[in-house]
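Going by Swiss-Prot, these are the annotated features:
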ACT_SITE  His504  active site, charge relay system
ACT_SITE  Asp534  active site, charge relay system
ACT_SITE  Ser619  active site, charge relay system
COMPBIAS  1-20  compositional bias 'Basic residues'
COMPBIAS  21-64  compositional bias 'Basic and acidic residues'
COMPBIAS  71-87  compositional bias 'Basic and acidic residues'
COMPBIAS  96-108  compositional bias 'Basic and acidic residues'
COMPBIAS  126-139  compositional bias 'Polar residues'
COMPBIAS  140-186  compositional bias 'Basic and acidic residues'
COMPBIAS  247-262  compositional bias 'Polar residues'
COMPBIAS  264-296  compositional bias 'Basic and acidic residues'
COMPBIAS  310-330  compositional bias 'Basic and acidic residues'
COMPBIAS  331-347  compositional bias 'Polar residues'
COMPBIAS  348-364  compositional bias 'Basic and acidic residues'
COMPBIAS  366-388  compositional bias 'Polar residues'
DOMAIN    680-733  domain 'PDZ'
REGION    1-388  region 'Disordered'
Amino acid sequence: MDIGKKHVIPKSQYRRKRREFFHNEDREENLNQHQDKQNIDNTTSKKADKQIHKDSIDKHERFKNSLSSHLEQRNRDVNENKAEESKSNQGSKSAYNKDHYLTDDVSKKQNSLDSVDQDTEKSKYYEQNTEATLSTNSTDKVESTDMRKLSSDKNKVGHEEQHVLSKPSEHDKETRIDFESSRTDSDSSMQTEKIKKDSSDGNKSSNLKSEVISDKSNSVPILSESDDEVNNQKPLTLPEEQKLKRQQSQNEQTKTYTYGDSEQNDKSNHENDLSHHTPSISDDKDYVMREDHIVDDNPDNDINTPSLSKIDDDRKLDEKIHVEDKHKQNADSSETVGYQSQSSASHRSTEKRNMAINDHDKLNGQKPNTKTSANNNQKKATSKLNKGRATNNNYSAILKKFWMMYWPKLVILMGIIILIVILNAIFNNVNKNDRMNDNNDADAQKYTTTMKNANNAVKSVVTVENETSKDSSLPKDKASQDEVGSGVVYKKSGDTLYIVTNAHVVGDKENQKITFSNNKSVVGKVLGKDKWSDLAVVKATSSDSSVKEIAIGDSNNLVLGEPILVVGNPLGVDFKGTVTEGIISGLNRNVPIDFDKDNKYDMLMKAFQIDASVNPGNSGGAVVNREGKLIGVVAAKISMPNVENMSFAIPVNEVQKIVKELETKGKIDYPDVGVKMKNIASLNSFERQAVKLLGKVKNGVVVDQVDNNGLADQSGLKKGDVITELDGKLLEDDLRFRQIIFSHKDDLKSITAKIYRDGKEKEINIKLK
């Protein structure tokens, strides 16, 4: 950097010296301003701060002038020192060493006295303020800190100065400055300590002081440490360097152990301040390397930036020296005692300096570093995330370790649990199946009982074969055919079998072929038959023990919808023992039957309706309930187009009454009143007028003929009488009249009839015997 008068220094050295100069000057001004205006509000303080920045340009000019004067004086001192060295080299080696030592000692003590005088003047100046102690200690601390900074950078600066002085740069700026004043303040504390140390030696102290006074009058030139290093290219002597390190170690030890927390707070505050004014500066070396290529003469940056970087660099240097001097504390314990009072003073000055820095920052109105706060929040969030990840990793490691230690036991435990679940499911399924099987068994038991009873019924049903000329099944069929039917063994006495069947099955033949379920056949004899009930009894003899008589049930307790089985031999022997299933479809049915095949119904048969399959050959077969008991005998079936499963059976209670008479008598005696009748529904209009029928009479019978001396004649019936009621029951036709009369075949008592004669209603009693 060219600062005029052919003085050239490196950019980095120029900037560093400029920062140090501005830092020391601004620190003194700010401390004084704080003491004078501590009771003024923030507005006034901000105005004062702005005035300081306005004066920074003047400071910049003063620095250049001071530095220029200093460099001129240094060149003169260098030339004089070279001349003295050439003279001293001509003498003896011992004399040269003595003179050189005395010269250095005298120059150093002269600087010490000058610094003492300057300190005295400063102390008088600061006593005028209300808090002189605070300002003095803060200034001493700053000066000692600057001295340590300069001593740490002296090697780098010396080489750079020597190199740049020989080769000036074309782009450097011209600056004139007197650096002597700034160096005097920075070296005063070190020289004062040396004088105090020498004064304790007694006589040696007085002699040295006199020499210093005499040399001072002669104006012996004093070289600073940096100048001496530039000329001689040698560091400080070993005793001086050791004393300097001891003093710095004692100060750092007191600061570190007593006010560690305050320094950490100050460091965080200055780091926040640094983020407002300058980019991040890691150390002085990197900063100098950047400054070698960038020239920045902004006064504001030079005022604010050095104070922050200076404090950071001082702390780094103090920490380094503190670590190095810990190993020397035992050897230097005696000397350390002498510096305890000075350490206490340094501690107090450090505390006051920190307070002053904080007040200065408040006066400057610096805003908090929001970027640093954001970075701190981001760091906290990152640390929480890392802790969460670490926790998860710890859990994973614990689980993995647990698995590696106990995996065989865990596998066995899991297998046991799975086995228990499977067995439980199996047992539940088995129990469910058992319950279902129980229900099925109950149904199966019933069904098995039914089948057992059906099998027994099959053993009681036989085939009855007879040749007949006509088929009496409904509908009427005039074609002659071989009649094949079924019969039921209702009674067995020894080897004698009593079989009930239909009258139209046996026909007119006395002997019938009886075939059993085991295909054995015998010839049976007809004991009796009744065409009005369509029942017949056949007697047969057989020693076959497989033939069983059937159990008799009760037809009076039949229930609509009751399950039934029909056992018979449809279509003959080839399909004997056929069992069909159905229900009772109807009760108390009156079925018209044509026995003589003259296309005129002869009788109303009282029966119950079933829907089981009945085919030709089932006539005379058994109708049994679920218990296998006989409840009826198949009698008829309606054979008409579009009609299915409409069959009828004679109730077993009626069958029992008839078969008893057929066994003993061979026939059934019915009462005969001796009349012939016509149905009113079949009369034409002339016949209706002849009998003088009223319009309201729709149903009934008209007496067409009366036998002489018959029961009807004896009862008073006449031809032309219209009977509408008999025995309290309405008459629909002549079949119903015969049915009511035959129903009294057992008691033969007289019954009341309601008649119309000559259009007049009348009642008469009809005799049945």
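Including glycine, each Cβ sits where the backbone N, Cα and C put it.
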Distance [Cα-Cα, Å, rounded] between Ser619 (active site, charge relay system) and His504 (active site, charge relay system): 9
All-chain count of other Cβ atoms within 10 Å of Ser619 (active site, charge relay system): 30
Distance [Cα-Cα, Å, rounded] between Asp534 (active site, charge relay system) and His504 (active site, charge relay system): 6
For Asp534 (active site, charge relay system), the number of other Cβ atoms found within 10 Å of its own Cβ: 26
Secondary structure composition of the compositional bias 'Basic and acidic residues' (71-87) [DSSP: H/G/I, E/B, coil]: 17 helix, 0 strand, 0 coil
Three-state composition of the domain 'PDZ' (680-733), taking helix and strand from DSSP: 14 helix, 13 strand, 27 coil
